[in-house]
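For reference, Swiss-Prot has these:
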BINDING   Cys14, Cys17, His18, Met80  heme c binding site
Amino acid sequence: GZAZKGKKIFTQKCLQCHTVEAGGKHKTGPNLSGLFGRKQGQAPGFAYTDANKGKGITWKNQTLFEYLENPKKYIPGTKMVFAGLKBZTERVHLIAYLZZATKK
């Protein structure tokens, strides 16, 4: 299904900087466990930029869909170097995976 396809995308494009499992380590980017419904810039123990702390959004399907298209446009000053996923279908699949994989 969508989440299976999303896992492949995550493995190819996100895994080098992010973990998803509860209690997973921060890498270059924060651990994403508990992502959905969390305010942005709130993973405990991760050093965020002021830009990431100041946007004031809550992560959910729509905000992730917009963010993942072009992270630097959505949050100017973010240190996430990922250029974004322009393909809408890939973003839907990735978000489906994240929704499953980041549940606590």
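Including glycine, each Cβ sits where the backbone N, Cα and C put it.
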If the heme c binders are Cys14, Cys17, His18, Met80 per the record, what's the largest distance between their Cα atoms, in Å?
11
Additional residues around heme c, ordered along the sequence, whose Cβ is within 8 Å of the centroid of Cys14, Cys17, His18, Met80:
Lys13, Leu15, Gln16, Lys27, Thr28, Gly29, Phe82
Which has the fewest other CB atoms in a 10 Å radius around its CB: Cys14, Cys17, Met80, the listed binding-site residues?
Cys17
CB within-chain contacts under 8 A for His18 (heme c binding site), separation at least 6:
Phe10, Lys27, Gly29, Pro30, Asn31, Leu32
